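Peer 1: First the structure, which I've put down as structure tokens, then a few questions once you've had a look.
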């Protein structure tokens, strides 16, 4: 038996035997181990005591009885009122059953007491399990309720590899809307890439022509000519960003999140990770730890190029930025889980294991990455000299202000992913298994292209307004996607789910905040990387006195 909990709150789960169910006579079960992913996801497996042998049919047999005093009856009534249902596993195949039901006017409550199991086998493997709940018994205080089960074995043609297919929902995930949304985002990508290349080709060609013409004028004409545009800030455009320590740590973390997303999606496309409890989370943690050098390399090299001196501090901040955010949220939610006695409360041993991974795997690998980054690409090799005195930034129209550009920058990237967000949210917060990782891969690629295009256009307008503070603007205008995703999660909570209670609500908004922030940092890093390449390119091609 795994857990029991209210149907509408998927994450609010309790041990199966926290309800006063009784245990059968059989005591032990072989080969069971708990993985890190299971411990973090609140899987609490306990043996039911049902005696089931391979290919041995069992007629309806009573395996134990519940002595129903007032306290136990109240526990069952509360569970039935809140639509509690339980999950159990037979040979790692999940089965769900409902605890009981109330009559129409909600006065009498009934418990299902008879578990009717039908198990399909192919050769010597179990390939299919069905559970029917029968034996409706009214809950009356101070009576004994007998719990019974039966097992029927039948031959099945399902292959062992395909035994999870019946849990997938193709009509939901491969709906026309899903295909249409991908097509729609693809059109947007083509439009945006076209727009960016057109702006750059036409405008930059004009700009280059104008600047070359100015080269040919004599000094008198040049003083009279009205010089404006992005060439004017060439002495300041490669000036280090403000707060370079935090900035480079964010860029490093963003590159690492991107690497993790890419690798996990590829692994999920090749391996069916949904067939094992907690394997998705275990894979993500392992890949995150293994890709730490990526974080160190990009963060460390950027910090060195910006002339940063405190590189050890930068390495620590870069290494612990994401783990601290995730663990902090988990720690806060854990207090509520402990108060609720929920199975989601993370055991102390698991917390220690996660901390050990942070200190003994992530930190050393980050150090390796940082040293490589500083030595291989830590030298500032900018195409233009940086002036000693910063140039004053001229007045500009309100819509050219960095704050406005940042707010508008996230709209298009969010537009390209929000339908996929619906499918991902539904598989996480409702009872669907997400398996279309090909779609997710396409959406990730589309998101990257859209983000880079949008930040390049934003940066071009900013530089043309002779404002050289493009580093933070390019990062934040891409990262503002996170704000829109978080706002969408509010809409999803109130209109698409029926969640209730402090535990589920804090779990939802806490982890949604972590998800949105990580997505924002990833988009910001992608946006900055693309823009940085663009800025280098345009200033390399221009002739500067």
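Every residue gets a Cβ built from N, Cα and C, even glycine.
What TrEMBL says about a protein is an automatic prediction, not a curated fact.
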Peer 1: Of 346-368, 369-391, which range does TrEMBL call transmembrane segment?
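Peer 2: That would be 346-368, per the transmembrane segment entry in TrEMBL.
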Peer 1: State the residues, same chain only, that lie 6 or more residues beyond the ends of the transmembrane segment (403-425) and have a CB under 8 A from a CB inside it; answer 'none' if no residue qualifies.
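Peer 2: 172-173, 177-178, 181, 184-185, 188-189, 192, 434, 436, 439-440, 443, 446-447, 450-451, 454-455, 458, 461-462, 473, 476-485, 488-489, 492, 496, 523, 527.
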Peer 1: Where else in the chain does the transmembrane segment (245-270) make close Cβ contacts, counting only residues six or more beyond its ends and a cut-off under 8 Å?
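Peer 2: Answer is 280, 283-284, 287-288, 291-292, 294-300, 302-303, 306, 308, 310, 313-314, 317-318, 321-322, 437-438, 440-441, 444, 448, 471-472, 475, 518, 521-526, 528-529.
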Peer 1: Contact between the transmembrane segment (282-304) and the transmembrane segment (437-463) is defined here as three or more C-beta pairs under 8 Å separated by at least 6 residues; is that satisfied?
Peer 2: no
Peer 1: Okay, the transmembrane segment (179-201) and the transmembrane segment (507-529): do they have at least three CB pairs under 8 Å, pairs separated by 6 or more?
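Peer 2: They do not touch: fewer than three Cβ pairs between the two stretches lie under 8 Å.
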Peer 1: Okay, the transmembrane segment (282-304) and the transmembrane segment (346-368): do they have at least three CB pairs under 8 Å, pairs separated by 6 or more?
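Peer 2: Counting Cβ pairs under 8 Å (6 or more apart in sequence), the transmembrane segment (346-368) reaches the transmembrane segment (282-304), since there are 3 or more.
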